[in-house]
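Chemist: Not my notes, these are from TrEMBL:
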type: ACT_SITE; residues: Asp107; note: active site
type: ACT_SITE; residues: Asp324; note: active site
type: DOMAIN; residues: 89-438; note: domain 'Peptidase A1'
type: SIGNAL; residues: 1-16; note: signal peptide
Amino acid sequence: MRKLTLLLALLAAAIAISCSAAAAGGAIRTQLTRADAGRGLTRRQLLRRMARRSKARAARLLSASASSSSSPASATAVPGKGQVAEAEYLISFGIGTPPQPVQPTLDTGSDLVWTQCQPCPSCYAQSLPYYDPRLSATSAYLPCVSPACRQLDLSSCGALDWGNGTCVYTYYYGDRSSTNGLLETDTFTFDSGDDAAAAVPGLAFGCGWFNNNGAASSNATGTGVAGFGRGALSLPSQLKVDNFSYCFTDVTGSTPSPVLLGLPANLYGVADTVQTTPLIQSPGAVPTFYYLSLRSITVGSTRLPVPESAFALARNGSGGTIIDSGTAVTMLPPLVYGLLHDAFVAQVDLPVTNDEPLCFAVSGKKKKHEVPKLSFHFEGATLDLPRENYVFEIEDAGQNNMCVAALSSGGGMTIIGNYQQQNLHVLYDLADNKLSFVPAHCDKV
């Protein structure tokens, strides 16, 4: 009977993988919620949290890049009491029949989709109930001989307690956090919010219930992680969509942000403001990441005296520039950050109150002060940032400050953060290896 159960699970997974995009019936739409939304935080608190999370995130991504391994999960980490980095955006969907709500972190820097599951002897607290496979009519464990299990860097065959031959996974992140559990398949249901829902059967995910080393706050981490990277186990890959997009609303507000998977080729129509740049890869690079070809940065009228090699992806996989959903503010190599810092100081006639992030004191009743324009020049595209996408205004104890939303990454990688992506509709074209972006009213996308 056990062999028959495993065989049926294999067949179900194979059928689902081959036709998951068709089952979705076209584009899938769901919503993102900012992890800090509704928490009553001041702007100063928001900036501090964004800076702390970005530093932790950069350390994880740099660790993955430095390892030059096949995926960020196998970065040079060892088992330990790490923490899953706090979330930026949580994606909402349901798992099971009937659907059980989950809210994992949207992560373009990893591949595995996982959520905390019952029974859960070693889970962090979350506001939603833990997913319970026993309550789903469509839940099935995947055997260790399944293609999905073989995509994992660390997996083993379960003992009798879990079902002989069941895929047991361990997934490490570069910040030493991890999840451990059983690899399963179930139906994912995406609710677009307009009385329409797309149900996709047989998607593989980690049922994390042995040992999830995560932050204790559900508002910080959600129920797990939804990998949106380029690997075979990521949600876009399993849905077999040619593209996906998101549009981040104002990070200081509470309006949900849309995420869409599988879009029409003419998404932007004939908009003349669309910018497009290649997604690049290198044999030695982490295949999960979305690398871009950044050429230079301009502050006001000053192009930073940085060679293109400072942003380039090396053949051994080190360095490079990535666009990332999970990093709040843009992270720059120390030399580049120093030059950007100095360029702003030279062009802004205000006292400096902090060096990282760079902040200026705005005196008098004038709450806003002119700042030089900030532009990122990519291959074939230029991202001219509006003020609200790189300046963070703070009023604290009667003192007005304006801060530049950028930090030193502490290494050779450049990371384009989500603060710089506000009110941009960003499209990842997976079929043609391109990234496009256009200014948008994200609450109307």
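Glycine is no exception: its Cβ is also placed from the backbone N, Cα and C atoms.
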Chemist: Sort out for me which one of Asp107, Asp324 has the most neighbouring CB atoms within 10 A, since those are the active-site residues we care about.
Modeler: Asp107
Chemist: Mean pLDDT, the domain 'Peptidase A1' (89-438)?
Modeler: 91
Chemist: Rounded to the nearest Å, what's the C-alpha distance separating Asp107 (active site) and Asp324 (active site)? Just drop the number here, would you?
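Modeler: The separation of the Cα atoms works out to 8 Å.
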